[in-house]
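Okay, so here's the structure we're looking at.
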Amino acid sequence: LEKKYNKVRDFCKKHKTRIHYVVYGILITAYLAVVIAACSFNFQRALPLVIITILAIFFICWDSLIAKYEDRIAAFYSPGERYLEKQWFWLKWVLCAALIITIICWLIFDTAKQGSRQLISFGGLVIYVLLLFIFSKYPTKVAWRPVFSGIGMQFILGLLILRTKVGFDVFNWLGIQMQTFLEYSDIGAKFVFSEKYTDHFFAFKVLPIVVFFSTVMSMLYHVGFMQWLAGKVGWIMQIFMGTTPVESLVAAGNIFVGQTESPLLVRPYLPYITKSELHAVMTAGFSTIAGSVLGAYISFGVSASHLLTASVMSAPAALATSKLFWPETEKPTVTLRSGLQMAKGESKNLLEAASQGASASILLVANIAVNLIAFLALLAFLDSALSWVGNLFDYPQLNFENICAYVFMPLSFMMGVDWEDSFIVGGLLGYKTFFNEFVAYERLSKLIHNREKGGSTYINGVKQYMSVRSEVIATYALCGFANFGSLGLVVGGLTSIAPSKKKEIAGGAFRAMIAGTVACFMTACVAGMLTVPGLEVPCHILLGNAFNSTDFPANSTELVECCQQLFTSVNHSQEVFPGGNYSLSPWKGCCQILDKPAFYC
C-alpha cells in the first residue's frame, strides 16, 4: 500500500500542472453549465450572473495577456507613444480648446433644458479650483494634467451614473443589492441581542453592520480581490491623470477601505515617497469613507446609490486637489518600471481572515460609539451654553448649528444648494468638520424622513426638510473623513507605518484635511451640475398641504405637475393617487392654477 501510495504521489507531483488544468477545466465547465441552465429557465433573473461571468472572463484573459505579452504590447504601442510625445506641445492646446468648447456648449444646452441652477454648481467648482490655486504650496509649480483630468474623470463618472439610464440603473441596482446584503447582519444581531434589538437602533442595528462589513472586507482582502480591484482602479487613474503608482493605488484603495488601512497596500514604499505623494496619500484618506461605515450610513436611510457614487467620484477628485494644493517638486523614486508589489493579508486561511476582520472591528465599533457619546454630549453642552449667552442679548436660538450654518452657508450655496436650504446644509457641514460625518449623516437622515412623511415645511419659523436636490448635494459633500477627529487618527496611523516620515506627516496633515474637504465639495458641485431630481413630495401630500392652508399657494413647477396628473388620471378613469379621497379644495385650487373651464372642472 505504501509503495502504491508513493507511486500515486510521485505521479501527481510530476503532472501537477496538468492535473490543475484538468480540475480547473471541469469546474469552469460545470459553472458555465449552471449559467446556461439558469439563463434557459429565466434570462432576466440570471442577467446579473451573466454580466459577472462576462466581466470575470474578460479580466482573466486581460491579466493573462498582460502577464505573458506585456513587453510585446509595450513595443507595439511605443511608436504611437513617441509620436504623441513629439506632437504634445500643440496637441495639448487643441485638447484644452476642445474641452472648453464642449463644456460651454453642454452648459448652454443643459441650462436651456434644466434651468440655471446647474450654473451655480459649475461656478462653485471653478471658485474652489481658484481658491486651491491661490493658497497652493507652490503655485508656479502646479502640473495641470492631474487637476483637469481628475475633474474630467469626476464629470464623466457623474454623467454616466446620474444622467444615463444604464449608469443610473446599474448603481441603483448596486445600491439595492448593498442594502439587501447588509440586512444579513440583522440575523447575528437578533441572535445576540434578542428579538427587540431594534429598540436600541444605533447600538444593536447600525453597529453590527460595521462588524459584518469589516469581516467581509477582511475575507476579500485575504483572497486578493481587494488588492486586485484597487490595482485596476489605480492603474486607470495613473494612466489618465499621470499620477505615480503609490498615490494612485492608495486613492483607489480608499474607495473600499479606511484612511488608515489603504496605506497598508503600499507599506514597503511609504519611506521612499515624496512630500507631494505623502500629501496625496493623506488627502485621499480625508476625501473618502470606508466601506465598513458606508453600510451604517445606508442604514440611516441615506441613498445607497448616491453614497456609492460619491465614494467612486471622490477618488480622482482627491488626487486633483492634492496635486493643486501641494504640487510635485521632487523626482518620485517609486515608478511603474520599478514594479509595485501590494502587501498581502497576514491570515493563513479564509476562516482566520473572517475572525480577524470581526476582531479588528471591535476597536472601530468602540471608537464610533464612544466618539458619538462624547461628541453629542459636548454638542448639547455647547448648545446650552450658547443659548444662555444668546439669552443675554435676547437671542435664545443661538446654538452651535446656527454658528456653523452662517460660516458654511456660502460654501454650501456655491455647491448649488437651494438658497433657502443652504443654512441647513451649512450646519451639517459644521457638524461634519468639527465633530464627524456620523453626526452629520444622522441629522441628514432626520431631514430625509421628515420630507418623506410630508407635513408642514416650516414649524415656528424653522424649516423641517430640504428639497431632494439639496439632500443629494449634501450627501456628496458629507461623504469624507475630513474632520479634526480624523486628523489625529491619520497622523498616528501613518507615523506608526512610516516612522521616518513623522515630521512630513505632521507638517502636511492639516493641508491634506483642507484638500480632502474641498475634494468632497467639488464632488458635490459635479453632482449639483448633473442631478435632475423628480418630485420632492408625493402628490397627494403636496396637494393636501398646499390647498388646505388659508393662503392660496404660489404656482410652482411641482404643484402644476401634480395638478396635471390629477386631471389626466380622471380623464383616463384611473385611480387618482395612492391615498385616494380628496376634499374639494385641491380640485378647486388646481382648476384655478390650470385655468380650466368651469364646466370641465
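From the backbone N, Cα and C atoms, a Cβ is placed for every residue, glycine too.
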Stretch carrying transmembrane segment according to TrEMBL (options 235-258, 403-426): 235-258
Sequence-remote partners of the transmembrane segment (201-223) [C-beta within less than 8 Å, at least six residues beyond its ends]: 182, 184-186, 188-189, 192-193, 256-257, 291-296, 299-300, 345, 347, 349-350, 352-354, 356-358, 360-361, 364-365, 368-369, 372
Selection from 49-67, 278-300, 358-382, 473-497, 509-530, the stretch that has most Cβ pairs under 8 A to the transmembrane segment (142-162): 509-530
Folded-back contacts onto the transmembrane segment (21-43), same chain, C-beta under 8 angstroms, at least six residues removed: 49-50, 53
